[in-house]
Amino acid sequence: MSWDQVWIDVNLATMDPSVSAPYGAITNAAIAVKDGKIAWLGPRSELPAFDVLSIPVYRGKGGWITPGLIDAHTHLIFAGNRANEFELRLQGASYEDIARADGGIISTVKACREADEAELFELGRQRLNALAKEGVTTVEIKSGYGLDTETELKILRVARELGKHHHVDVKTTFLGAHAIPPEYKDNSDGYVDLIINKMLPAVIAENLADAVDVFCENIAFNLEQTERVLSAAKAAGLEIKLHAEQLTNMGGSALAARLGAKSVDHIEYLDEAGVKALSESGTCAVLLPGAFYFLRETQKPPIDLLRQYGVPMVLASDFNPGSSPICSTLLMLNMGCTLFRLTPEEALTGLTLNAAKALGIEDNVGSLVVGKQADFCLWDIATPAQLAYSYGVNPCKDVVKNGKLVHQ
């Protein structure tokens, strides 16, 4: 066989639903790569003969290979920090109190408007490096810290540039409807007009976004405003997604399902009717335990209902300066299990196959299947459950991206 590389002495957590074992596991396995794609995988005993003198062979020392991790919800590009608000919350202030006092998102908006692209790029690069060291091979990055046309475009340009200069694939999301900027404090409908009539066309003209998101909440955008933005995005041919049911149940998830959104994110206050709507539309539920933890929330997402209705559950970091300043997908695996009672297999599926579904890229990444992109990680673990069980010592040994060894 003519391959570019072969990995032996490994176990595979394929996350392929067609493999009946937990995690889609194949033990005592091998995997071969050709032209950036998975060319063969299976039990080592069935590995076809190949020229060991001309093809690089990597020995996994009994470790586990999983698909590359996918962080499907981040706000990774921002300037400044909000440590002062952390102190205020510990003294009793709520997330809503801080937001209504022009803190929260608005304070980060001010910092991002002042920062130039070079500064934002370097900050983003450092954060992307941190995720990459934990086995992340694809990441979604949202705008939303500009709230004016110039700064929203600036953030999205930086995200696109990161994708060009880093081995991690970057998917971009336009989140101009993240908060009401001070200039439109008493005219939120006017700001929605600006998003639809000026911001969105400018984003599309530069091909800066793969999707559009809205924060549908009582401190942000109502249902009517949310539908206007998402409908405009959908009409322009962009994927849509939604922050919804984080602080209250406004019915955003049902709206997102009706419009065919790829995902609804947060969903702590989602009810059974909303879960049923997601199930019927095939919309993913993105769980963000980092924000739940950092904001010290008590209302948990309806995990049992999501299971009952077969809604794909995704785990993501929600890395951002205000509600989840936690740049770690491995910690999300642990939090998803300890805080939300996911099984370790559900958690890993949420950072691989289901995360790919939330971004609309499941045909190419998210599981180890012949013909898919060769994005995978070798972990120094005895069982896949260890990835969720223990945190603090990074077990990621090797990362292959598009068939190339990028981290060793």
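Just so you know, glycine gets a Cβ as well, placed from its N, Cα and C.
Note that the structure is a prediction, hence the values are computed from the model and not measured.
In Swiss-Prot this protein carries:
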BINDING   HIS73, HIS75, HIS243, ASP318  Zn(2+) binding site
BINDING   HIS73, HIS75, HIS243, ASP318  Fe(3+) binding site
BINDING   ARG82, TYR145, HIS178, GLN246, SER323  4-imidazolone-5-propanoate binding site
BINDING   TYR145, ASN320, GLY322  N-formimidoyl-L-glutamate binding site
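On the structure: features taken from Swiss-Prot.
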residue : record                                  : Cβ within 10 Å
HIS73   : Zn(2+) binding site                     : 31
HIS75   : Zn(2+) binding site                     : 25
ARG82   : 4-imidazolone-5-propanoate binding site : 22
TYR145  : 4-imidazolone-5-propanoate binding site : 31
HIS243  : Zn(2+) binding site                     : 29
GLN246  : 4-imidazolone-5-propanoate binding site : 28
ASP318  : Zn(2+) binding site                     : 27
ASN320  : N-formimidoyl-L-glutamate binding site  : 26
GLY322  : N-formimidoyl-L-glutamate binding site  : 24
SER323  : 4-imidazolone-5-propanoate binding site : 25
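Within 10 Å of the C-beta atom of HIS178 (4-imidazolone-5-propanoate binding site) sit 25 other C-beta atoms, taking all shown protein chains into account. Residues TYR145, ASN320, GLY322 are listed as the N-formimidoyl-L-glutamate binders, and the farthest two of them sit 11 Å apart at their Cα atoms.
Taking only the Cα positions, the spacing between HIS243 (Zn(2+) binding site) and TYR145 (4-imidazolone-5-propanoate binding site) is 15 angstrom. Secondary structure at ASN320 (N-formimidoyl-L-glutamate binding site), as computed by DSSP, is strand.
The DSSP secondary structure for HIS243 (Zn(2+) binding site) is strand. Comparing TYR145 (4-imidazolone-5-propanoate binding site) with HIS73 (Zn(2+) binding site), their Cα atoms are 15 Å apart once rounded. Once the Cα atoms of ARG82, TYR145, HIS178, GLN246, SER323, the listed binders of 4-imidazolone-5-propanoate, are compared pairwise, the greatest separation found is 20 Å. Separating the Cα atoms of HIS75 (Zn(2+) binding site) and GLN246 (4-imidazolone-5-propanoate binding site) is a whole-number distance of 16 Å. Annotated pair HIS178 (4-imidazolone-5-propanoate binding site) and ASP318 (Zn(2+) binding site), C-alpha to C-alpha distance, rounded: 14 Å. Within 8 Å of the Cβ centroid of the Fe(3+) site, not counting the listed residues HIS73, HIS75, HIS243, ASP318, the chain contributes THR74, LYS142, ASP265, HIS266, VAL286, LEU288, ALA291, ALA316, PHE319, ASN320, SER324. ASP318 (Zn(2+) binding site) sits 15 Å from ARG82 (4-imidazolone-5-propanoate binding site), taking the Cα positions as reference.
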